[in-house]
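Novice: Structure in structure tokens, see below.
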Amino acid sequence: MNTVTVALGRRNYKIFIGRDLLARLEEFLPRELSSRCLVVTDDNVDPIYGQRLINVLKSLGFRPAKVVVPAGEASKSLAGAEALYDRAFEHGLDRRSPIIALGGGVVGDLAGFIAATYMRGVPFIQIPTTLLAQVDSSVGGKVAVNHPRGKNIIGAFYQPSAVISDLSLLDTLPVREMRSGMAEVIKYGVIWDDAFFQYLESNLDAAMGLDSRVMQAVVARCCEIKAGIVAEDERESGLRAILNYGHTIGHAVESLGGYHLKNHGEAVAVGMVMEAVLARQMGQLDVKELERLMALIQKVPLDISLPGEWHKQQAIELMRQDKKAVGNEMFFVLPECIGRVHIKKVSDQQLDDLLPVE
Ligand SMILES: NC(=O)c1ccc[n+]([C@@H]2O[C@H](COP(=O)([O-])OP(=O)(O)OC[C@H]3O[C@@H](n4cnc5c(N)ncnc54)[C@H](O)[C@@H]3O)[C@@H](O)[C@H]2O)c1
Ligand SMILES: O=C(O)C(=O)C[C@@H](O)[C@H](O)[C@H](O)COP(=O)(O)O
Ligand SMILES: [Zn+2]
């Protein structure tokens with residue numbers, strides 16, 4: 001097992017990474033929790049792991065209630081949140097009652113939003129069940145629901161008390177979701193660590209085949225990188241924005257595809273390639289580095305074509321709502337080489353030159 005600490009002073013917490021951790025839950029939970037707790041999961045994960053978690057919690061003396069939301073991005077909404085508040089009240093949760101997210105990034109972001117706001121904050125435990133959630137969304141405290149006009153618009157920075165990344169939960173993950181998670185894995189190589197990118201170039205097949213040693217190394221390295229960045233800039237006043245590489249375009253692609261033509265990781269893969277092409281057009285990225293990125297993404301394989309529902313002007317409007325934008329000015333995370341990115345203002349003309357019409 002690996003343990004990674006997110007160093008935030010009194011709000012320090014640990015990420016536990018290994019196989020078969022669910023059965024050892026007691027070792028990882030913080031002390032002084034109330035017995036009543038709320039498990040949030042979705043209707044794909046619940047039939048596979050829901051009852052197992054409930055049984056473990058009961059064996060530890062907890063009195064768990066469970067909310068099962070429909071799988072998919074639509075559950076990450078204010079309406080979805082309201083149902084969870086109701087359940088929290090009905091079950092008599094108090095300020096020491098943990099909210100436990102058992103699922104992918106959708107469940108984690110939604111449950112975290114409830115934990116941040118119910119009674120102005122209750123303990124939050126992440127048990128991520130997708131690769132994407134284990135390497136990214138369960139770490140760092142960005143919790144949110146979507147607004148019809150934009151993704152993650154209503155949210156908070158609210159850190160979990162512990163993250164339990166049980167790698168054996170990935171055994172049942174559909175291959176499409178493995179590939180999607182791999183996009184965010186590749187992101188860490190581009191923004192921070194060429195050696196890790198090289199490791200992926202050599203070990204991608206083993207990772208996709210869920211080789212235990214490789215998967216352990218991959219999830220641990222991603223968490224280490226994210227933990228370091230979040231510890232330095234928890235609320236994204238500077239450095240943390242590099243975690244948003246691929247997302248300015250990616251979020252627009254995800255939204256234009258109605259959140260189903262491309263899921264989050266698939267859209268981020270498109271965004272990473274297009275933002276690398278933008279860096280290249282601006283004379284900042286060597287063509288060989290762009291080719292390395294495209295080769296690794298295609299090896300996953302992830303499809304880097306735009307969704308059928310692509311409309312250039314709508315995409316630009318969506319990009320203007322990006323949280324890195326200041327007034328009318330748009331900022332992008334652009335690679336200089338594999339392992340190093342910087343944040344750069346991009347003009348309307350530069351964006352117009354990059355994006356295809358249809
Ligand atoms: N907070 C953050 O820092 C952060 C970072 C990255 C992404 N996100 C958000 O995360 C979301 C995407 O997360 P995701 O890719 O995990 O998607 P997801 O939560 O929708 O899960 C993907 C699919 O896999 C299923 N699933 C989950 N675990 C499974 C398992 N072990 N076995 C079988 N099926 C399983 C789910 O039911 C779902 O159908 C987006 O909303 C994105 O905005 C947040
Ligand atoms: O943790 C971060 O910071 C990230 O940006 C990680 C991203 O992968 C993630 O998709 C995040 O939810 C995007 O946040 P947003 O601020 O662009 O909504
Ligand atoms: Zn992301």
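Including glycine, each Cβ sits where the backbone N, Cα and C put it.
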Novice: Of the candidates His260, His264, which does TrEMBL annotate as part of the Zn(2+) site that also includes Glu184, His247?
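Specialist: Candidate in the recorded Zn(2+) site: His264.
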Novice: Under a criterion of Cβ-Cβ distance under 8 Å and sequence separation of at least 6, what residues of the same chain contact His247 (Zn(2+) binding site)?
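Specialist: Result: Val268, Gly271, Asp322, Val333.
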Novice: Could you tally the C-beta atoms, other than its own, that fall within 10 angstroms of the C-beta of Asp109 (NAD(+) binding site)?
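Specialist: By my count, 24.
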Novice: Between Thr130 (NAD(+) binding site) and Glu184 (Zn(2+) binding site), find the distance joining the two CA atoms and give it rounded to the nearest Å.
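Specialist: Between the alpha carbons of Thr130 (NAD(+) binding site) and Glu184 (Zn(2+) binding site) there are 12 Å.
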Novice: According to DSSP, folded down to helix, strand and coil, what is Thr130 (NAD(+) binding site)?
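Specialist: It is coil.
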